[in-house]
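A.B. asks: Feature table excerpt (Swiss-Prot):
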- 291-515: domain 'ABC transmembrane type-1' (DOMAIN)
- 1-22: topological domain 'Cytoplasmic' (TOPO_DOM)
- 46-49: topological domain 'Periplasmic' (TOPO_DOM)
- 70-81: topological domain 'Cytoplasmic' (TOPO_DOM)
- 105-290: topological domain 'Periplasmic' (TOPO_DOM)
- 314-325: topological domain 'Cytoplasmic' (TOPO_DOM)
- 346-379: topological domain 'Periplasmic' (TOPO_DOM)
- 403-435: topological domain 'Cytoplasmic' (TOPO_DOM)
- 459-493: topological domain 'Periplasmic' (TOPO_DOM)
- 517-524: topological domain 'Cytoplasmic' (TOPO_DOM)
- 23-45: transmembrane segment (TRANSMEM)
- 50-69: transmembrane segment (TRANSMEM)
- 82-104: transmembrane segment (TRANSMEM)
- 291-313: transmembrane segment (TRANSMEM)
- 326-345: transmembrane segment (TRANSMEM)
- 380-402: transmembrane segment (TRANSMEM)
- 436-458: transmembrane segment (TRANSMEM)
- 494-516: transmembrane segment (TRANSMEM)
Amino acid sequence: MQSVQGTNAMTAPEASLPSSKKVFIKWSLLGTVGILNGYATILMYSRGEIAFALLTIILTALALFIFGSKKTYAHRYIYPGIAGMILFILFPLAYTIGLAFTNYSAKNQLSFDRAQSVLLDRTYQSGDSYPFTLYNTDQGHQIVVEKDGELLATPVFQLQGFSETDLDLAPITEAAGDKEPIKTIVKNRTALSSVDLHLPNGDDIRMSGLRKFAAVVPLYTLQEDGETLYNNRTQETLRPNMEVGYYQPVDENGQFVGSTVSPGFVVNIGTHNFERVWKDDGIKEPFISIFIWTIVFSALTVVCTLVIGLVLASVVQWEALKGRSIYRLLLILPYAVPAFISILIFKGLFNQSFGEINMLLEGLFGISPAWFSDPFMAKTMILIVNTWLGFPYMMILCMGLLKAIPDDLYEASAIDGANFITNFTRITMPMMLKPLTPLLIASFAFNFNNFVLIQLLTGGGPNMIGTSEPAGYTDLLVSYTYRIAFEGAGGQDFGLASAVATLIFLLVGALALINLRVTKVAQD
């Protein structure tokens, strides 16, 4: 009995050892994840990326809670999906909507503190400049400055690892050592630019070029309130204009006058970007035109691909047709080729001067359409190309749905004397419409945001005339947003692009809701 108890006593710790290891490994991994993400959060916060830091905290806290608690064991399986949805859908959406209420652009990217720091780092030359030469002596390097025909030299110093910030200049009769080439000065420009040289008369000079030192002083001085800047050159007083996101001169009454000073900083401007969309005719008119074209393009694409796909599916399902498998394979091939390759091939085929399509049309009918310069022909070309890209998908769907329709229905209709039109309208379409509806809605939504087709085929062109932001006749809303964000006439206007993207989100959401309700009514 004692031996059995002794055996149990010996095996108990051994049995619990693997469990202890698992616990240790588990908490070690969780601790490592927490520490790394905590460090990343600190870095983001220190650089002013508060939104990304907050996102990291939320995702990390959720992960530690879910994987660290036994009560939330079941949630471990859905956490990756939830985290992905937050990271790739909810956060970008919220971030985009947030940017829509700011002036964030290529000219207004910095925070207020960073923009102020950039202005305070600016300097200007307040006095004469003096040529200098860098000499290499046996003991080290020496800077020699020429002032009014007199040579002034610094003490000898070691250029490698140079950390001095103040050096006194003393008169010399002749420079010693060899002159360093310009590439040495360029290589060590950062170290040399941080040096203040003290002239015998008490003036300080700093490096103002690759060959000159000059009396350089700060352009702006920060006042006691921590916001106002004083221009030492023009004696102007500047204050931050929180309505436009720039420093701007003010008069004696504190009113903003004159031009703004770059760089700008990000400020909240409320609904100004949305008001620009509706009030600025240079934005409103192309926006409405592009919105209508986007709806028409998406709808026509769905209709054309469905009609062609259904007809071809019916043909390749025809039992009397020989070689159906070969035809089926050939018709599916466009779907197998990557879309961007097909688009670029069509771009060459539709070339107005050397494209094979225009050569064929000119040879047969004597016409040469302006596919890329005429708005109507450009839209026609886009529909042709997109139909080519999309009909194999619809054909595959229709082939499967046609197979699912019982032959008994067609046999019964044949007994009643129905023709193929009656069969199509009374049997085929009703049987196919219900399963096809969600797929047609998905196809409409995909083409609503078909950025790749527009960007690769026409780039949105031909361009509209008289618009405030770049816009083209073949632009979709998504490509229009892209052009505002990255090709804006006044620079990259991310705030306005975010406002347009927010409107697109609301429009697509409304269309999806309407489609779902219509589908539900049709099913009922």
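The backbone N, Cα and C atoms fix where each Cβ goes, glycine too.
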A.B. asks: Mind looking up the mean pLDDT for the topological domain 'Periplasmic' (105-290) in the predicted model?
C.D. replies: 90
A.B. asks: Report yes or no: does the transmembrane segment (82-104) come within contact of the transmembrane segment (23-45), defined as 3 or more CB pairs under 8 Å with a sequence separation of 6 or more?
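C.D. replies: As far as Cβ distances go (cut-off 8 Å, pairs 6 or more apart), the transmembrane segment (82-104) and the transmembrane segment (23-45) do not touch.
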A.B. asks: Using DSSP, tally how many residues of the topological domain 'Periplasmic' (459-493) sit in helix, strand and coil.
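C.D. replies: Result for the topological domain 'Periplasmic' (459-493), in helix, strand, coil order: 11 helix, 2 strand, 22 coil.
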A.B. asks: Residue list, the topological domain 'Cytoplasmic' (70-81) vs rest of chain: Cβ under 8 Å, 6 or more residues beyond ends.
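C.D. replies: Distant contacts of the topological domain 'Cytoplasmic' (70-81): 62-63.
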A.B. asks: Can you name the far-off residues of the same chain, 6+ from the ends of the topological domain 'Periplasmic' (46-49), with a Cβ under 8 Å from a Cβ of it?
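C.D. replies: For the topological domain 'Periplasmic' (46-49), the far contacts come to 111, 113-114.
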